[in-house]
Each structure stands twice: as C-alpha cells, then as structure tokens.
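Participant: Sending over a structure as structure tokens; questions will come in a sec.
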Ligand code: DC
C-alpha cells in the first residue's frame, strides 16, 4: 500500500473533546499519513474577526499558528462561523485536496465523512459521554492555566455540540457507513488500537 501514488483517506468525526485529535495524530504517525485538524480552520476564521466569509476565503497558513486558537472562546467563535454556508464553502477545496494527498491523509472534524470526503476509505465517528468529554477537556485546559470549572466546560461543550448538530449546513452526524467508536471507557491506547485495526482491515480489503 505504501509507495508513490498511494491515496487513502481516513475521516474522523465526532463531538468536541471525544478524542478525535488524539486518535488522528496517533493514526497518522502509525501509518505515516498527513493529518489535518479541520477544527483549526474554523477556529482561525473565528479568531480573525471581521467578515467571516472573507476571513475564510483569505485564510493563510500563518492564521493557523496563532497561540489562542485552542481556548474555549475560540471554540465557541469557531462553532458560530462554522454555521455559515459561505464559510464552509470557502474551506471545502483545501480540505479535499489535503484528503487526496499522496501517502494518505487523516482529517478530523464534524462533516468529513458526510460532506468533505464521503468517499473516504475509512470513516470513524468518535464519541464519549458528555461528562467524560468535559472532564478530559477541563484537564487539558487546566494544564494550560485555564480558569473554567468542570461544570462550565461541560456547559460550553453542550452548547457547542447543540449548535454543531442543529445547524443546516453540514451538521454534525455520523455518515451511514461510519464505524462508531465510543471512547468513554477506553484508554487512549485502546481507542487508537481500534482505529488502527479498522484501517488495517480496509487496507487488506483493498489488496484483495
Ligand atoms: O474540533 P474543534 O473543537 O476544534 O472545532 C471547533 C468548531 O469548529 C466546532 O465546534 C465546529 C466547527 N467545525 C466544523 O463545523 N466542521 C469541522 N469539520 C470542524 C470543526
């Protein structure tokens, strides 16, 4: 499967803080695939301010390197601009090009398996209970000096998920053929192992 010309897309979707980023990075490292955190695109658009559609159309690599993109405020701003169809449309082509890059690609987000890459070779929908997701995100933010309580983080995640699920444009939902991966009771290693297994199975099918 390795070698020039290999195209292989892994689409990883799910609600906030379910473990998509961790799994995506580990899977990309394991297979030598490129990884695109598509949430970062929406976070960068939200953080730019001004007209969101113009911000999306003019997005530059440097915009993705701002230090404040991982904050809870940046997450809420991202979720708001992500509901705008013009913003989403401006980001489609970049994501699709990344998905078909040589050597394989992992993209994580909300609509990768449904809208961006419905043809992805592997689709995962990663979930965890609200409480577990809030606990993980709170630990992550606290390590960076975050000031929100766990209850505030939970309320924040729920608000964002509701907006992401209920919007008209590319709402958060599993693709019909996505493999559901509930990480509530799983260690990181166990969740990553399941994702790797699903990809290896698909690669073996491709060789048949
Ligand atoms: O994955 P994240 O938490 O960094 O994403 C931030 C917000 O961006 C999320 O609440 C909704 C939006 N988003 C989206 O609409 N589509 C994607 N593919 C990725 C993120």
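In case you wondered, yes, glycine gets a Cβ from its N, Cα and C as well.
Sequence annotations record features per position, and here TrEMBL assigns ATP binding site to 14, 15, 16, 17, 18, 19, 20, 21, 22. Summarising the annotation, TrEMBL assigns domain 'Cytidylate kinase' to 10-45, 67-200.
Tell me about the surroundings of these features in the structure.
Facilitator: Residues near residue 14 (ATP binding site) in space but far in sequence (CB under 8 A, at least 6 apart, same chain), listed by position: 20, 110, 124, 125, 126, 127, 172. A coil conformation is recorded for residue 14 (ATP binding site) in the three-state DSSP classification, outside any helix or strand.
Over the domain 'Cytidylate kinase' (10-45) the predicted model carries a mean pLDDT of 97.
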Participant: Residues near the ATP site, 14, 15, 16, 17, 18, 19, 20, 21, 22 excluded, by Cβ within 8 Å of the Cβ center?
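Facilitator: The surrounding set, listed in chain order, is 23, 108, 126, 128, 133, 183.
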Participant: May I ask which of the binding-site residues 14, 16, 18, 22 have a CB within less than 6 Å of any atom of ligand 1, listed in sequence order?
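Facilitator: Within range of ligand 1: 16.
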Participant: Does DSSP give residue 22 (ATP binding site) helix, strand or coil?
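Facilitator: Looking at the DSSP assignment, residue 22 (ATP binding site) belongs to a helix.
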Participant: List, in sequence order, the same-chain residues at least six positions removed whose CB sits under 8 Å from that of residue 16 (ATP binding site)?
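Facilitator: Once residues fewer than 6 apart are set aside, residue 16 (ATP binding site) is near 75, 133, 137, 157, 160, 161, 164.
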Participant: Take the domain 'Cytidylate kinase' (67-200) and count its residues per DSSP category (helix H/G/I, strand E/B, coil), listing them in that order.
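Facilitator: Split by secondary structure, the domain 'Cytidylate kinase' (67-200) comes out as 74 helix, 15 strand, 45 coil.
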Participant: May I ask which residues of the same chain, at least 6 positions away in sequence, place their Cβ under 8 angstroms from the Cβ of residue 22 (ATP binding site)?
Facilitator: 188, 191, 192
